[in-house]
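**Q** Next up is a structure, given as structure tokens.
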Amino acid sequence: MNLEKSDKTDTEKLPFEEALSKVGSGIYVILLVCLTSISLLDFVSTAYNSMFVVPTSACELETTSSQQGILAAGPIAGLLIGGNMWSYLADTRGRRSMLLIGLIGSAIFNLIGTISFHWVMLLVFQFITAIFASGLYTMSMTLLSECVPIANRNTAVLIVFCVMFLGQGFMAMLALPIIPLGFSYHIPWLGIHWNSWRTLMAVFSLPCTTSAVFLYFMQESPKFIFTKGNEEKALKVLKTIYRINNRRSTEDLQVKGLLKDEVTATIGIISAKERIIPLFKAPLLKYTIIMTILNLAQQLAAFTVWLPKITDQFVRSIQTGEGSDLTVCNVLNMPPVPTDSNATPCALDETSLLIVLGIGVLQSIFNLCISFLINLVGRRNLTIFVISFSGISGILVNLVPNMIGSAVLFIMMILGCVVVGLSTAICVALFPTNLRAIAVEFTMFAQYIGIIASIQILNLLLEHHCNVGFFLFSSLLTASAIVACFLPNDRQPQPVKEAPSEAATSAQ
């Protein structure tokens, strides 16, 4: 009799994804999408703010070109070290709680960095800030994907991706009214002058603080709670989300219990060693090599780090009205243009900040267009096109003896940054469910190491052999299109086989 009752109870239970579909989408999902979007802007503005801080702090901290390169690469090293740590903590301690710690920690250490009196001190605190910020992307995307039904998940992910690509534009928008300010207040007990670049760093911490406040009132991932064996609490969270989404009583949710699917049941059983070894054995070895090469070849992030500095020099040269037949490298190799003696030292030109903002908007639009074309053209073919488009544009940048034409080609090259998302989507599609996360982590690990080296190399080349820098990185990127040709052709739309939270491992 008890056995029959148990069987009846089991038949009333639903797999987690089916239960989440019954919860539906509504106000809670909209709020979570907005919060995730802000969290991704937090990630960009704390982990990558060196692109604005390094050039504007150069006068006060008296940094050399090589020291600026180290400052720019420091946060990338922090992202490299902290990423896996936060993935582990999120899987063991919870997405929401660890995300709160990451937001608060990155905001605090970024604020402490504002009182740096030496470039090494600034480097240390930006490095620590990046360690705390390194998990913001993965954890926020995981929380989102585990709270949104599969029917609306792709749309939600697409929205936050487009917002993330606005990150550098968001920073430029914050910098625009602050950087030109000429105030300087001496703080004798610290031995520093509080000025515009320090204020900008402090402002970059505000979104993190705001996100932490709103996140405090959100729910933990019901899937995480369920995988930890607390079915009752997971159901309670699902009912809370249902009530907010639909403005209806929790009793209307027809879910009596949850069933573990095959993937959920095996979480935590497979060791890290057992997960990574298959990547280096047939048949996955081929794809591991290809995806690692693709990620290593995508070093456009090094150009992005120096983007405000490049655009500032370019705009100042245009304002002189001379040299319209110059290329980007010709402009960068020109002697510094004399500035107004009353202007803020090392301040970035306002027009250059607007250009950075515009490039961020273009990247977001370009990513949106790619998202609509991906099923029609296929991930592989689209990746080959974007890589070729970006790489060839970079090769031609310094072959066009026209300042505007060369600048347009440079912007077209920078748009290729969106290929990182395509590469990660391919990686997710190629590897089995239990190996996807580790495969993405490994290939992105290789890319971060490449970026750290590329920032230093490009910094030196732009100063001494600018043409070589563009040809080297653009040719490397273009050549990787040949490697991408060895990937399987996925032009035909593929049916969705499952509903994993793999969106959390998409490109950073």
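Keep in mind that glycine also has a Cβ here, set from the backbone N, Cα and C atoms.
Annotation source TrEMBL lists domain 'Major facilitator superfamily (MFS) profile' at 31-492. According to TrEMBL, the transmembrane segment annotation covers 27-48, 68-86, 98-117, 123-144, 156-179, 199-218, 284-307, 353-375, 382-401, 407-431, 438-462, 468-487.
Map these features onto the structure and tell me what's around them.
**A** Under 8 Å from some Cβ of the transmembrane segment (27-48) lie the Cβ atoms of residues 75, 78-79, 99, 103, 106-107, 110, 129-130, 132-134, 136-137, 140-141, 143-144, 147-148, 152, 156, 159-160, 163-164, 166-168, 170-171, 174, 204-205, 207-208, 210-211, 214-215, 218, 241, 244-245, 247, 305, 508, all in the same chain and six or more residues away from its ends.
Long-range Cβ contacts of the transmembrane segment (68-86) within its own chain (Cβ-Cβ under 8 Å, at least 6 residues beyond either end) map to 47-51, 53-55, 58, 98, 102, 119, 122-123, 126-135, 138-139, 305-306, 441, 444-445, 448-449, 451-452, 455-456, 459-460, 508.
Counting same-chain residues at least six beyond the ends of the transmembrane segment (98-117), those with a Cβ under 8 angstroms from any Cβ of the stretch are 39, 42, 46-47, 49, 61, 86, 89-90, 125-126, 128-130, 132-136, 139-140, 143, 187, 190-192, 198-199, 201-202, 204-206, 208-209, 211-212, 215-216.
For the transmembrane segment (353-375), same-chain residues at least 6 beyond its ends with a Cβ under 8 Å from one of its own Cβ atoms are 158, 161-163, 165-173, 175-176, 179, 307-308, 311, 314-315, 382, 386, 411, 414-415, 417-418, 421-422, 425, 493.
Distant neighbours of the transmembrane segment (438-462): 65-66, 68-70, 72-73, 76-77, 79-80, 83-84, 87, 272, 275-276, 279, 284, 288, 291-292, 294-296, 298-299, 301-303, 305-306, 310, 332, 420, 423-424, 427-428, 430-431, 468-469, 472-473, 505, 507-508; these residues of the same chain sit at least 6 beyond its ends, with a Cβ under 8 Å from one of its Cβ atoms.
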**Q** How about the transmembrane segment (468-487) and the transmembrane segment (382-401): at least 3 CB pairs under 8 Å, pairs 6 or more apart in sequence, or not?
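**A** Answer yes, regions in contact.
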**Q** Grab the same-chain neighbours of the transmembrane segment (382-401) for me: Cβ-Cβ under 8 Å, and only residues 6 or more beyond its ends, written as numbers and ranges.
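**A** The answer is 294, 297-298, 300, 325-330, 370, 373-374, 409-410, 412-416, 418-419, 422-423, 426, 466-467, 470-471, 473-481, 484-485, 487.
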